[in-house]
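**Q** Can you keep this structure in mind? I'll have questions shortly.
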Amino acid sequence: MAADFFLLLLPKLFFAVASIVLLVTNMMRVRKGAAIAADKYKVESPEDFGGKEKRITNNTVLSSSKRVFVLCLALRMANSLLVQTYFNPDEHWQALEVAHRLTFGYGHLTWEWKKGIRSYLHPMLFALLYKVLSVSRLDSPWVMMKAPRLLQSIFSAFGDLYFYKLCKVLFGDQIAQWALFAQLTNWFMLYCITRTLSNSLETVLTLVGLYYWPCIRTSDKIPLASRKWGLVAAALACAIRPTSAITWIYVGLLELLLTRERLKFIFLEVAPIGVVVLGLAFLLDRLMYGSWILVPFNFLKFNFLSSGGDYYGTHKWHWYFTQGFPVMVFTFLPFAISGILLSKQWKLSGLVAWVLAFYSLLGHKEFRFVLPVLPITLMFSGYSLAMISGLDLSNGKQKRSAKNHSKCFSKIQLTVFFLLATNIPMAYYMSMVHQRGTEDAMNYLAKEALYGKVKNILFLTPCHATPYYSTLHHNLPMRFLDCSPSETNGTPDESDQFMMDPAGFASAFAKSWSLPSHIVLFDSQERLLKDFLILHSFEERRRFFHAHFKVDRDLQASVVVYALTERLTSPSLTKQLT
């Protein structure tokens with residue numbers, strides 16, 4: 001009941017946080033002659049976070065790093081609670097499922113873990129969270145479902161903080177505020193950044209790392225010691241997701257070109273920090289795999305050298321430029337382009353172009369792969385929005401132009417309204433409506449299992465279409481259709497065979513199955529399996545809305561849970577049928 005009551009409060013919480021954002025934008029708009037941060041080029045070390053900042057001349061919400069962090073944390077935590085849809089299987093199967101197995105002793109490891117192309121570093125974060133929940137006996141189905149995204153929301157808030165700080169040292173205080181507005185209201189950031197994907201944490205580490213790299217700044221007055229923190233963040237990002245090296249190769253080469261102490265940079269910073277961080281990740285994988293596994297090499301070998309990712313679909317080379325990335329930036333796109341041209345920050349815009357171009361060389365493309373450069377693009381949107389608000393940079397200083405203040409006031413109001421009216425509904429629909437059926441079905445089964453009503457589950461869906469043990473949180477026999485890459489090209493996997501002929505596959509499968517108590521399937525296959533389900537004495541138990549339109553297959557409008565009829569649930573009859 002408490003959980004249901006809290007869920008009823010979530011929309012109000014969402015609008016409360018949205019009101020805070022609107023308040024912040026209003027404060028940014030009406031501020032006149034606000035003082036620029038004391039030292040534009042000051043770099044704060046991690047130990048300085050929360051300390052007093054020098055020469056704070058105002059008392060607004062964004063007047064200190066601590067206040068910025070609290071604002072971002074409040075929004076991201078609400079954001080995480082409002083994400084109730086299914087986006088990508090890796091969120092569950094490559095992070096939470098592995099963490100659940102490490103902590104509770106049961107959970108499915110996909111073929112990637114058998115091939116050694118995934119590092120345990122990322123799942124270990126959630127395994128520690130699960131351990132705390134287990135010890136404190138808080139591992140109820142609702143908490144198990146919400147806690148991992150809440151943890152990621154804390155990481156995301158740190159990413160927002162460093163995004164703000166980076167923009168502040170590059171462009172100044174007022175542009176940083178507009179950039180933060182873009183970061184906190186972009187639909188794709190709201191949709192994705194609090195999910196437990198490795199790409200989400202990679203994005204956070206990218207923002208932290210860029211803040212500490214001198215080559216990204218505009219001044220020579222940056223202590224080189226800060227570069228070491230940037231290297232640590234870069235090494236962690238590469239350990240968690242080896243393709244992050246695409247970003248850091250660009251930044252590292254730029255630093256090598258601009259620094260005066262190249263040998264010191266290579267041999268006294270890059271080499272030792274890289275060896276220590278990656279070496280510790282290597283030892284962790286050795287401990288978890290039980291043998292020496294070089295995960296980055298295996299990962300790059302599969303995805304780059306052998307084009308193994310193409311097994312899961314390919315796109316045209318220009319997809320990121322013409323479809324993928326524009327959809328992510330959405331209505332901020334024209335402002336981002338304008339900001340790039342006005343700011344002339346070619347190093348950062350070059351990084352975005354480099355990442356998009358490099359990923360375009362790969363056949364398999366996904367939105368989440370280029371998530372780390374989305375905040376950089378939104379930073380340029382913030383620059384453009386600041387110009388629209390009447391900020392005058394003609395003297396090299398930030399001030400508002402009194403001459404056109406009234407005109408700019410009206411223009412920025414319309415612009416903010418347009419951006420909120422396009423991004424917030426999109427974020428709401430994608431986070432609360434589109435493809436929520438699979439999560440709702442597993443949440444329902446988790447509650448039923450808690451009361452002993454579920455004995456065995458069969459998923460007659462495309463593989464990895466639902467969460468698994470990390471959501472069910474009960475050690476019950478479950479079976480899904482495998483889709484591991486075949487050693488022989490052109491050989492369809494179980495999932496493909498089922499999608500080609502659902503009735504024929506199910507009939508053949510039933511000859512050797514262990515009779516399940518529940519079957520989960522989409523309505524598009526349910527229509528073809530009605531006779532099969534009736535023949536084996538299954539009846540519809542619950543139906544959950546899933547989507548209004550198709551994504552990459554036929555329309556999967558709803559997810560249906562079937563259960564054995566009551567007269568067949570006794571152990572003796574079940575044994576006779578199997």
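Using N, Cα and C of the backbone, Cβ positions are placed for all residues, glycine too.
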**Q** Would you mind telling me which of 162-187, 188-213 TrEMBL tags as transmembrane segment?
**A** 188-213
**Q** Do the transmembrane segment (317-337) and the transmembrane segment (369-391) come together with 3 or more C-beta pairs under 8 Å, pairs six or more apart in sequence?
**A** yes
**Q** Which listed stretch (233-253, 265-284, 369-391) has the most C-beta pairs under 8 A with the transmembrane segment (346-363)?
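**A** Ranking 233-253, 265-284, 369-391 by Cβ pairs under 8 Å to the transmembrane segment (346-363) puts 369-391 first.
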**Q** Hey, which bits of the same chain come close to the transmembrane segment (233-253), Cβ under 8 Å, at least six residues off its ends?
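**A** For the transmembrane segment (233-253), the sequence-distant neighbours (Cβ-Cβ under 8 Å, at least 6 residues beyond its ends) are 119, 121-122, 198-199, 201-202, 205-206, 208-210, 212-213, 215-216, 270, 273-274, 277-278, 281, 295-296, 299-300, 303, 350-351, 354-355, 358-359, 369, 372-373.
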